Amino acid sequence: MDFVRLLCEGHNSECQKMLRQQDSNVQSFNIIMEVCGLLSECGRSLTVVRSFDIVQSELCLSALKFLIEACHGPCAENQMLIINHLRALGACKNILSCDFGPKLEKEEVVKAQLYASATTLLRALLESRGEDSTGHSVLCEQIPTRMLEQRMVVISEAKENLRKKIKKREKQRSSLKRKSWKFIKSKLLETAGMKADRLLDKKEESDLKRELDSELRANLMLKREITFGNKESENVFESDSHSGGILNRSMIKSVEVYWNGRCEHCFFTLPDEWRNLNKVTKESFLQKCDLSTSETRVRSLIENVDMLKDSMKYQYRLSKRTLYRRMRELYFPLKKIIYVLVILLNLNILFSTKDATNKNLDDRHLTEAALNQTFYSNYVMPEIELVVKKGKNMSAWLSMIIFSGYCAIIVFVMISFSRLVWTESYRSWKRSLDKGMRSEKQRHNYAPIVNFLGVVAFTIAYCYIHALTSDEMTTADYAKFFPYFLLFLPTVIRRYFIVPRSRLASYFCALYDVIMHAQLRNHILLAVIIFIGRTNPMISSLALFDVMTMSRTLQSVLRAVVKPANQLGQTFFLFVVVITVYTCIAYSIFGKEEFSSLEVDEELGGCTTLWECWWLSMYIGIRKGDMGEALDVDTVSTSQWRVLYDLTFYMILGVLLFNMVTGIILDTFQQLRHDMEERNDIMANENFISGINRAQYEELGPEYNFKTLCDHDQHLWNYFFFIVYVRQKKSESCTGCESYVKQCLEKNDSSWIPTRTSSQMESKQVGKSNQRSADDWFKEIVGKMEKLEAKVEDLSAAQGGGDGVGGR
């Protein structure tokens, strides 16, 4: 039987046809009818089914599995053969309505397999029947809906009992492990069979759970198909809502699949880890996803399935650790507590940092202290040192607590994200190799290397020119510039590698991606700042920027400045160019006396060289936007060129360039706000999967609820779970619809996704077409009757006229 079933694998139409008729043989055998006869004989009555032993059960299972594979594809001829074999349908009905006898009392998995296979066969008979309701009518007569609903309740109760048993057993074993001798005794009793209740091992539990889920999925699809074929389309959705509670309790969901020209509901089981697909992962995907069209959205979902699945499973494994769960719950409260401590640390630094004089002493004491060195040494300095010492002690304790908190967060973030980022980086490398990106241009990006070497060469040239014209710095002073380039070297190397050539390079890229993960990088920098702040307290003030990682509003403000960084950088360079040109003009035309005669010279020290005057112009020009502040005011009234100089500088730099910076930032704000509003509008008013618009959908009628469509029929994350389910399922156990989706996924084909349609919309169109065909049929009948009446009248008239002629 198993050998014959293998002929149906892959849904080959020629092999399935050969099962019905062998043209090359002298005598042809209809194997499907023979197996139907075997099945009907095995389940000819409830009494026979109740007396099943393990051998009869295996024989019946083999027959059911063969017929299931013969129907999948779908194969309409095989489906109709089995549907017309009423005794085989009766055998399935007997299996579903029977409580097996004592011979199978301890074979829970075998009984579940029989129930699941019988239900799956009935479901396979209606697979993709379309508008052909013949099979639906036969099954509706043979299989009452009430029996299916009762089976759904029984399955739900069985799954709940199994879950409780597993939970209880794990709890008992975890408690027994603390007392090793009791645990050993328990294992010995289980092995010897001395317990009254036989415990299922982990494999049997897994098999039982899988069979219960399989039966429930087939039951739901069968019930829906029978209802669809024999009632109005509105009742289909009433039936679905009637089973909603069982769906939620049993972790069974459904998606709509476009298959054989229509949308079909395909039920599947959620994975155990589905609750661990957290909000952060979902938001991260939606932010990176291209929402412009339904095709791009679906393509992005399929491409990121592996990443989402890894995150879900990894979080599921971590959630089993009690310490990790507690840390995840306390993450945001801990962040707030640490930031409050950072504020207290900086307040303590502000209050405890004092000069060489005591501010609490009045002017008389200060004068005496200045005149009397003994008083200063004996009274002022000890008091200052005491205050500073207390402040340093408090700062040291606060720094240690804050540093420990940041270290704990770093460890938590590394555990949460480092493995996922590493895996995704390594997977992208393998994916790029599979795509054939093997040329040098596709592998490497030389622009970062060229830019980096250009900056280094410019720095060397600057140091050389400066050394020739100035004696202020030594060679060691110039050498201090170059260690800073080492900080940027890893970034340059990472950007150079598009596709790493070697495994070592791929490891470097993955490690860089892990360290530069936003949360890990930010908290490492904060921890370093606090650590350095123990020796230089002023640096601790930089930790106050941690508020940027806690506030989304501030992050959006920062994004408006960071996003146009290239434009702002070019504008700032234009600032430098304009100031340089105007400084040179002022120095050559008006002379350095114009700079040195300033009242501000006492603060800035004036300028004696062009370089010093350039720095002075940069300071005053950018700060005040007016070059006139850097030159002598008296020459304005005596020189027209000075007036022209000041006005043009103010118009170019003070008006145009500053307004350019403001405009760039405001435009970025507006663009970010527009993009956010557009994305929110798409997510709120357009279905992510099919692209159906809310207004157009709800205009079809009051029964068309857009929220129900998005939350149930075409739910985004249900499609993700369905893709994971189909990919993990073995090909030989897939239904025809699942096999079609699996093949599409292997070919990167998204044609199985409904596009601007749904099963409810199609049911209304079918209803309209049926109504239209009924109206046409009625009109045709009326027209034929009218023609018949006209012919009868003509015959009557002809009959009367003939008699008259004959009489004459």
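Keep in mind that glycine also has a Cβ here, set from the backbone N, Cα and C atoms.
Taken verbatim from TrEMBL:
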COILED    152-179  coiled coil
DOMAIN    1-96  domain 'RyR/IP3R Homology associated'
DOMAIN    508-674  domain 'Ion transport'
TRANSMEM  330-351  transmembrane segment
TRANSMEM  396-422  transmembrane segment
TRANSMEM  446-469  transmembrane segment
TRANSMEM  481-497  transmembrane segment
TRANSMEM  526-547  transmembrane segment
TRANSMEM  568-590  transmembrane segment
TRANSMEM  647-669  transmembrane segment
### Message
Could you give me three numbers for the domain 'RyR/IP3R Homology associated' (1-96), the DSSP helix, strand and coil residue counts?
### Response
68 helix, 0 strand, 28 coil
### Task
Establish whether the number of Cβ pairs under 8 Å between the transmembrane segment (526-547) and the transmembrane segment (330-351) reaches at least three, counting only pairs separated by 6 or more residues.
yes
### Message
Can you tell me which parts of the same chain pack against the transmembrane segment (647-669), counting only residues 6+ beyond its ends and a CB-CB cutoff under 8 A?
### Response
560-561, 563-564, 567-568, 571, 574-575, 578-579, 582, 621-622, 625-628
### Message
Checking distant contacts: for the transmembrane segment (396-422), what same-chain residues at least six beyond its ends satisfy Cβ-Cβ under 8 A?
### Response
307, 310-311, 314-315, 318, 324, 327-328, 331, 334-335, 337-338, 341-342, 344-345, 348, 510-511, 513-514, 517, 519-520, 523-524, 526-527, 530-531, 533-534, 540, 543
### Query
Going along the chain, which residues at least six beyond the ends of the transmembrane segment (568-590) come within the CB cut-off of under 8 Å?
561, 610, 613-614, 617-618, 621-622, 627, 630-632, 635, 639, 641-642, 645, 649, 652-653, 657, 660-661, 664-665
### Task
Can you check how the pLDDT averages out over the coiled coil (152-179)?
71
